[in-house]
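Each remark here refers to the structure printed beneath this line.
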């Protein structure tokens, strides 16, 4: 058996390096492909309303396949599941390159992403445990954020040069992720021999949801991570409307740069969490979650660019410190109760449902004519109150 299977293995074992590299390339491809495909839609004169549909089919795949992907991750070696999922992403990107309908190709990438997520996080708990698991999550989040930054920029820059080159670069990134997956040790399946009857799988998934919800620690983690990622996506769209109103800047680049500050901050916060928080001290992350809402409220009142940059980076630092320990807690407790793959699949369902819900509420607020600054203030205040309520509940239970 590979040395990386043992719980006392180095955080930089061959298997862990392969996982981190594969995750970086896969996430790089995801983010570059979004901007490259948006450029393709513009070049082919698709209507503007069609652009958000790309994100909807991507998120929709997570929700639709949530009952099944966790069992897939737990029924096979997770490294091989990751390789198969990246292969689907490669096929989706290549199909767009060769002129297949971009929505169909992007849907295929979404299916691959849905299958990939439970395996990529679940395998961390098989390669390492305990305090090293929090550090491994920090590495995973840091590599993901770096890929988001570089992938987004690369997709946009290459698409301005030539859309086909940008799409080909995405396919190449996915191909590199497939190769990296080959170097992950073939670990034993966590829960082999499960039924593949779709009705039974759906029932099993619902049982996993129920089991995780009834456990105080995993429910705490599920609610916390869902609130965080739902708020993160909403903040991204909030910035697009906030920048011209608050700063008087009407270009397309400034909201992108501000979003980048959040991403950079998350890397810093994830690193701090890996050093300062363990599974036994997860509650240390809760004040950071409350402060996210407070800083968003303060940020909404700004009218200068430099303070906006600084506050958004602070939001990112707080966010990374908040979410990484919660992820690790869910993986460790979920692995023992329903399997790590099922736990992450349930988490994906919660997070993506929260994204759709929060974006829907935000869109409704904009639709009825509420100004963006009051929306930002209310958004920050509600998030701080929600995390405070979650912390109080966690302390009582």
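Any Cβ shown, glycine's included, is placed from N, Cα and C.
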Inset, instruction - Report, based on Swiss-Prot, whether residue 198 and residue 392 occupy the same side of the membrane. - result: yes
Inset, instruction - When you get a sec, could you say which of 124-144, 145-165 is annotated transmembrane segment by Swiss-Prot? - result: 145-165
Legend entry - the transmembrane segment (344-364) vs the transmembrane segment (91-111): 3 or more CB pairs under 8 Å: no
Inset, instruction - Over the topological domain 'Cytoplasmic' (39-52), work out the mean pLDDT and round it to an integer. - result: 76
Inset, instruction - Output the single range from 227-247, 257-277, 367-387 maximising the number of Cβ pairs under 8 Å to the transmembrane segment (145-165). - result: 257-277
